[in-house]
């Protein structure tokens, strides 16, 4: 996965990432609100090294565990003036050697109150030093006691030796050659010598111990406390980072399990066909059409949706361009939710407004909607054709110039069987011969074989896809079915893209024709005078022979024919209208006109009137 794919994945699951981050921050808030800040304060105790103590004949138990002993904590609690604090000190105190030499012990106190931890650390350190001093004093006292015992033993031994020597001297004076001397005086001298050595050694140790005086001292008192618990800002930062990572992970998992089309590129890769247009504002256009009863393309209003429809028409026009000058296009969808009938109706209207003759045919016999979107003109004659299960070839003009609609097809057969019949194939060919463009609205691809059958009659198929709704598998299967039926897949129309870019375009490149029309419109008294003149104008006689012009430039069957001298102007008007429409189409202009405008009215427009229309289409 590239960095771009990762960023797209994160953006696709942005709400999941946001929820994860907010949940993590919420958990951090609960943690911070329930936890008290913890402060730590430390004091260092210096202990005389073991060699010096051994030379002094003292042996200390200075292990750091002594710090949390009952005797030390009780003494510290007494020092703090709260004997009941002993258990708390044992729980909050820690001690460890500063180095491997065991010559210094670091005593640390933790608690929610920084000042209290300073006092408690100093108290515990003092109690620890006092405990070591007590051990030292006890050892020195023991040595002094042993020293006194040795001194008494030496005195006794000296007395015994003295008496023995006196006895030996007296015996020698009597000069009794047969007398035997007791050798005890030699043993006494040996004992005396040993005892004297012990005494001297112990005396030296006592002297050194007295010079040492104290085995431990407080090297550094606790003077301040530091915050050892995590700061709230750090907790929130860690929580936000953790939530972000979890959210990204969930977004990646979700994207991996997602089977819907999310981007135009994904739709293009799934179908193996180009994206001809990205439709925007479809939802707004549908609501507007339902409220006003008019197709968005047929109104003189440039919107994001109408621009995208015209882009689609231009792309399709280039895709189906051939020598015959006519084209049959089937509009279908890869899923049932895509508004393909609405798309087909607006596409047909856009083509008709560009000056091409267009016929629309509803190929959806299961749920026909196209004829309701393009109602026939009320003044048009009733269609004639063959009934029953056979397709009727008559078309009826609509209120949009150059656009006709074929009556809805009906049959008692299965729709797929009827559409596969020779009658329908012949109908499509007849419509091709009578119009520049034939638009056929077909059911969704995967519902039945209807769209595939109609696609085989057409020059190409337009497949509609909705981002976030259409599944990737549906697009792939639709494309495979069309290729299997030898139907040309012209491309895709992708619905569901953002309108932000279109809104920016509107703001920076607005339609200038609206301002020109506003300046040209009569205002105030001029407007009232224009309305009065229009009301006083003589009306045409009811029995006039010249018929009213039709929106498509044709006369209804049974209409009275115009007189010979009126025929030429009518033909001139029609020719002018066709020329104007052709020039607009060549320039790429497809600006919508009023639904009730006639070719004669269109031909009568001045160049100034046409300027805003061309500007809007550009």
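Just so it is clear, glycine is given a Cβ too, placed from its N, Cα and C backbone atoms.
What TrEMBL lists as compositional bias 'Low complexity' is 535-547 (among others).
According to TrEMBL, the feature compositional bias 'Low complexity' maps to 564-601 (among others).
Residues or ranges marked as compositional bias 'Basic and acidic residues' in TrEMBL: 602-618.
What TrEMBL lists as domain 'Polysaccharide chain length determinant N-terminal' is 2-54. Sorting each residue of the domain 'Polysaccharide chain length determinant N-terminal' (2-54) by its DSSP state yields 36 helix, 9 strand, 8 coil.
Taken from TrEMBL, the feature region 'Disordered' covers 516-618.
Marked as transmembrane segment by TrEMBL: 12-32 (among others). Sequence-distant contacts of the transmembrane segment (12-32) (same chain, six or more residues past either end, CB-CB distance under 8 Å): 232, 235-236, 238-240, 242-244, 246-248, 250-252, 254-255, 258, 262.
According to TrEMBL, the transmembrane segment annotation covers 234-253 (among others).
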Residue numbers, six or more beyond the limits of the transmembrane segment (234-253), whose CB comes under 8 Å of its CB atoms: 6, 9-10, 12-14, 16-25, 27-29, 31-32
Per-residue pLDDT averaged over the domain 'Polysaccharide chain length determinant N-terminal' (2-54), given as an integer: 87
